[in-house]
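The structure appears right after this line, and notes come after that.
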Amino acid sequence: MQDSDRLRHAGLRVTAARLAIMQTVREGDHLDVDAVHRGVCERVGQVSLQAVYDSLNALHRGGLLRRIEPAGSPTRYETRVGDNHHHLVCRRCGKVTDVDCAVGHAPCLDPVSDAGFLVDEADVTYWGFCPDCRAAEGRHPTDDQRTGPSAIPQSEQPRKEPGRIAP
């Protein structure tokens, strides 16, 4: 289905800016608003940043774009919608990569209590360092090194005493 048909099917007006946004996001890799704006201006000439924001919101509400909001990072957009995939985010450069969801039953994605909600999506974000950033640090991109508490051997982790917070 072409983008113009997708827009009509979602009940949205077909405009040059919206078509350019769809094409820019599809050809990009989890783009933020500034990158989308630059791509749209390259394709159709000057378009205001506000018009891009408004169109991104309309395309998201219409189910044509997925909004990704990793903590501490700019909001990003992608055209991969309709599935429950997840994302890897590099702590250093902010690169975002898709991760397919577990196939079959995944108990970690079913909340213990739904508090009356009808759950229709689980949003999982994995954080780490991408191969390029690892290589820039002198680490081989395939080294199996972890950061954070799981990287510290159990014998070297601070002991927790009852009633006392570990340093």
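Backbone N, Cα and C atoms are what each Cβ position is placed from, and that goes for glycine too.
Here the structure is a predicted model, which means the values were calculated and not measured.
Quick look at what TrEMBL lists:
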{"type": "BINDING", "residues": "C90, C93, C130, C133", "note": "Zn(2+) binding site"}
{"type": "REGION", "residues": "138-167", "note": "region 'Disordered'"}
{"type": "COMPBIAS", "residues": "157-167", "note": "compositional bias 'Basic and acidic residues'"}
Least buried by Cβ count (within 10 Å) of the binding-site residues C90, C93, C130: C93
Other CB atoms, at most 10 A from the CB of C133 (Zn(2+) binding site): 17
Listed in sequence order, residues not in C90, C93, C130, C133 with Cβ within 8 Å of the centre of the Zn(2+) site Cβ atoms: R91, R92, G94, K95, F129, P131, D132, R134
Where C133 (Zn(2+) binding site) sits in the secondary structure, as DSSP reduces it to three classes: helix
